[in-house]
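K.L.:
For reference, Swiss-Prot lists these features for the protein:
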SIGNAL    1-20  signal peptide
CARBOHYD  Asn81  N-linked glycosylation site
DISULFID  Cys101-Cys112  disulfide bond
CARBOHYD  Asn123  N-linked glycosylation site
DISULFID  Cys130-Cys139  disulfide bond
CARBOHYD  Asn252  N-linked glycosylation site
DISULFID  Cys266-Cys378  disulfide bond
CARBOHYD  Asn268  N-linked glycosylation site
DISULFID  Cys290-Cys338  disulfide bond
CARBOHYD  Asn465  N-linked glycosylation site
DISULFID  Cys514-Cys532  disulfide bond
CARBOHYD  Asn585  N-linked glycosylation site
CARBOHYD  Asn586  N-linked glycosylation site
DISULFID  Cys643-Cys709  disulfide bond
REGION    712-751  region 'Disordered'
COMPBIAS  712-731  compositional bias 'Basic and acidic residues'
Amino acid sequence: MAFRTICVLVGVFICSICVKGSSQPQARVYLTFDELRETKTSEYFSLSHHPLDYRILLMDEDQDRIYVGSKDHILSLNINNISQEALSVFWPASTIKVEECKMAGKDPTHGCGNFVRVIQTFNRTHLYVCGSGAFSPVCTYLNRGRRSEDQVFMIDSKCESGKGRCSFNPNVNTVSVMINEELFSGMYIDFMGTDAAIFRSLTKRNAVRTDQHNSKWLSEPMFVDAHVIPDGTDPNDAKVYFFFKEKLTDNNRSTKQIHSMIARICPNDTGGLRSLVNKWTTFLKARLVCSVTDEDGPETHFDELEDVFLLETDNPRTTLVYGIFTTSSSVFKGSAVCVYHLSDIQTVFNGPFAHKEGPNHQLISYQGRIPYPRPGTCPGGAFTPNMRTTKEFPDDVVTFIRNHPLMYNSIYPIHKRPLIVRIGTDYKYTKIAVDRVNAADGRYHVLFLGTDRGTVQKVVVLPTNNSVSGELILEELEVFKNHAPITTMKISSKKQQLYVSSNEGVSQVSLHRCHIYGTACADCCLARDPYCAWDGHSCSRFYPTGKRRSRRQDVRHGNPLTQCRGFNLKAYRNAAEIVQYGVKNNTTFLECAPKSPQASIKWLLQKDKDRRKEVKLNERIIATSQGLLIRSVQGSDQGLYHCIATENSFKQTIAKINFKVLDSEMVAVVTDKWSPWTWASSVRALPFHPKDIMGAFSHSEMQMINQYCKDTRQQHQQGDESQKMRGDYGKLKALINSRKSRNRRNQLPES
């Protein structure tokens, strides 16, 4: 029965390997939630065992706090350790609003609560906070104190309407930025969720929004993110960029397609004087493309923008915009990461405008006269120093913006292809954060990619010779135990920490765990982690300012042969030899699991003192990711097996297994229905002398039986030791008699 169970498990194991086998790259290190906690490089926070839809909405590195919104709660967590010194404010929706929400047919659990979706810094002492308010948005001011040591965290003002500042539906994303105590938001402004707007509120000036119900401006948008980005040296030329995806009808107006878009407005826009009153007069948008071009020409688009990260530099024009995209097709599923130069984005907004012409409303480049100042220009900036406000714009400029908000050219990524593509995986990317790391052999971008399965992949971008960047998955970490999709992610390069949220809670993870790679120079070098280097004693954090020349690191090639000379490389050529026994005609498994799934495995077999030869794989001998499966063991399988792993042209012996084959009849007689741990105590009850047993087997056979029984005994230490030995004495006696006669005929003189 046990053997049958083993066979079934082995079959399932093989099938799982076949199913999971894919050309998609795998993480070099995978840590489960519990394994990650054991490394002492992560922390976890949750208010309760019930899901509360946590969102990390603001990170303040000056006050060492991160601010989290959840259902009915506002949280202030310690940026150094989120599980310590947590502050919270209970801020539920009013009972009346909750009852009205339920009567309107909304979800009592996931809709009829106050889901906090906006937390922005208002001034040195207060935050501005908004929540969905059970489909009746509310906002308030929250006192956080002047210093983090004050331990102040409370609402000290009355609530006000959040309409135009936060979406009614908590499942519809709200994005926002705060500039000079003015709130710029992208959200849906009504209960039914039909009026989308980019809105400026909380202002001493007039409130301004996008043109209402104008599909040229916004067409069922789903907002993703918003950022303030400088444009030149004049601060008046800065723009607020909104990233979103929207549903657009094709030329036949029959089907809707999802396109990812970037829109921008000037923060000092006060609307038009006669047209577009209290509407944006600087609103422009452009399509954001992330696609793979097939060999025969057509493009495969990753249409749906999921998240955006801006990797800033000293020069704003060299800022990189990272975006995560997924496919909208039900047949073709995948994720991609595309990277854009901010200068390319600004070039598109300074380029030709789109214009629909002809009966099919075909988009063409606008060929008419462009009014002055150029539509989309900010008042009071470098190009319009004499215009203090948009109300001074000529009417033709305002009219042009209303009818031509779309740019003709699309925005393409660097090299016009994605940096990372994942197809046919059981996950999709949801969030992204990027860190710039200085290593011994150059500067690298390290991507942290959150998935819908509660994991974070740590990916390093590697330069190649043909202007195409490669990528290597260094780690995949289970940051949430129940595989909850990641909803928000913030990174602190200053603290070297990553903060991740899900429906269940918030996790904090260090950007590096150098000690997990191994205790040898080669292990550290093969990891190719730009955060880590071999310091002569261990794999530890690499600091580019260090003066020690013994630091060994090779991110680009990961070659221990050039980096680890003098650090006991010969130890990798040999592994400790172990003895393993198999029973003839049964199935056995020779275990060999390399540290890295990116390593290739080769099995070599050495019989007696012959040369090692590569094991020939077939239906009986199967190589798996965990070792070598030998079905129906034969005598010819006996020998010394070498498991050789090759990674980056570096070879090392992972395992040496001296495999010995036992006769099935002999093992059956000795072990069938016999408890191995009571053999010695029960041998006196046998109807023959113990010397008869010793003489029935050769010396080598007895050694193998002893070792086999020892191994079996260790596997059954937890069994029932009170069970007495039982067996077929007649069968054993017959075997002993036959072995006696055979041994007398083949007896060799003792040396």
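Quick reminder: no glycine exception, Cβ is built from N, Cα and C everywhere.
Relative to the rest of the structure, where do these features sit?
P.N.:
Residues within less than 8 Å, Cβ to Cβ, of Asn81 (N-linked glycosylation site) and separated from it by at least 6 positions along the same chain comprise Glu43, Gln508.
Listed in sequence order, Ala93, Pro108, Gly111, Cys112, Ala134, Phe135, Ser136 are the same-chain residues at least 6 apart in sequence whose CB falls under 8 Å from the CB of Cys101 (disulfide bond).
For Asn123 (N-linked glycosylation site), the count of additional Cβ atoms within 10 Å of its Cβ stands at 10 [all protein chains shown]. DSSP assigns Asn123 (N-linked glycosylation site) to coil in the three-state reduction, outside any helix or strand.
Take the CB of Cys130 (disulfide bond) and look out to 10 A: across all protein chains shown you find 32 other CB atoms.
Secondary structure at Cys266 (disulfide bond), as computed by DSSP, is coil. Cβ neighbour count for Cys266 (disulfide bond): 23 (other Cβ atoms within 10 Å of its Cβ, all protein chains included).
For Asn268 (N-linked glycosylation site), other Cβ atoms within 10 Å of its Cβ number 21.
The C-beta environment of Cys338 (disulfide bond), restricted to residues of the same chain at least 6 apart in sequence and closer than 8 Å, consists of Cys290, Phe302, Tyr322, Gly323, Phe325, Pro413, Pro418, Leu419.
DSSP assigns Cys532 (disulfide bond) to a strand. Listed in sequence order, His512, Cys514, Tyr517, Cys524, Cys539, Ser540, Arg541, Phe542, Gln553 are the same-chain residues six or more apart from Cys532 (disulfide bond) with CB atoms under 8 A from its CB.
According to DSSP, Asn585 (N-linked glycosylation site) sits in a coil region rather than a helix or strand.
The Cβ of Asn586 (N-linked glycosylation site) has 17 neighbouring Cβ atoms from other residues within 10 Å, across all protein chains displayed.
Taken residue by residue with DSSP, Cys643 (disulfide bond) is part of a strand.
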K.L.:
Can you tell me how far the Cα of Asn123 (N-linked glycosylation site) sits from the Cα of Asn585 (N-linked glycosylation site), in Å?
P.N.:
78
K.L.:
Determine, to the nearest whole angstrom, how far the Cα atom of Asn268 (N-linked glycosylation site) is from the Cα atom of Cys378 (disulfide bond).
P.N.:
7
K.L.:
Through the lens of DSSP with three states only, how would you label Cys139 (disulfide bond)?
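P.N.:
In three-state terms, Cys139 (disulfide bond) counts as strand.
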K.L.:
What is the nearest of the recorded positions Cys266, Cys378, Asn585, Asn586, Cys643 to Cys139 (disulfide bond), using the Cα of each?
P.N.:
Cys266
K.L.:
Between C-alpha atoms, which of these recorded positions comes nearest to Cys378 (disulfide bond): Cys130, Asn585, Asn586, Cys643?
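P.N.:
Minimum Cα distance from Cys378 (disulfide bond) across Cys130, Asn585, Asn586, Cys643 lands on Cys130.
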K.L.:
Can you count the other CB atoms that lie within 10 A of the CB of Cys112 (disulfide bond)?
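P.N.:
The answer is 23.
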